[in-house]
Amino acid sequence: MVLSDFDRTLSDEKDNFIIKQEVVEVVNKFSAKFLFFVVTGRERKYMDILAKGLFPTGWIIENGGIIILRDKEIKLVDEKWYKIRKNLAKILDKNGIKYSLGEVIIYVNSAIDYKDKLDKINEAKIEWNRSDAMIMPKNVSKGEAVKILKSILNFEGVTIAIGDSQNDISLFSVADIKVAVANALPEIKAISDIVLDKEDGIGVMRFLEKILNDGSYLEKLIGFRK
């Protein structure tokens, strides 16, 4: 099972995070043979625009808040969260902090200037993706969503996580093999088993192609777990 972040991992910031067609084709080919999940902090409305034509096995969106798997869709929050979120939105409004409401999370773009104010929030958890912040329930993360996904699938095989930023740390914590793209933050590279020599989607694409085309490389990856 491969679990890949999207922004600056499958997609390139220079392309406004629209995934390259060549990357789409390889991911779709890979997903026809192996389990492949996109695990992103992005909201659904943006993925519909940025990932056109991409057909992975499934999705984990909003930083672990929602799992989408074939005909199943699971929100990993209860109704209490929405009352908390409403109050948090009022606090952000009062402080003049612009935000986007997802189906679960509150997303604050370019939030680093508000870090001191955001750090005072006690009712929720803040996770960072470079300079952007995601406000979410304390029990929600990419890693927790992957645990639930594996339970749903009764999956006991090897898990490979690919990422670049702070909010991928929880994803890496539940993976057998941790892979950083070449443009990953230093702290992500430091905890990775493999650092790719290419950036963003091209790096992921080459990695997937190697698994598809080189049986000995796949065996080597499986050996990481032993």
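Each residue, glycine too, has its Cβ placed from N, Cα and C.
These features come from Swiss-Prot:
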type: ACT_SITE; residues: Asp5; note: active site, nucleophile
type: BINDING; residues: Asp5, Asp7, Asp164, Asp168; note: Mg(2+) binding site
type: BINDING; residues: Lys142; note: substrate binding site
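The Cβ of Lys142 (substrate binding site) has 27 other Cβ atoms within 10 Å, all protein chains considered. If you compare Cα positions, Lys142 (substrate binding site) sits closest to Asp168 out of the recorded positions Asp5, Asp7, Asp164, Asp168. Of all the recorded positions given, namely Asp5, Asp7, Asp164, Asp168, the one with the smallest number of surrounding CB atoms inside 10 A is Asp7. In three-state terms derived from DSSP, Asp168 (Mg(2+) binding site) belongs to a helical segment.
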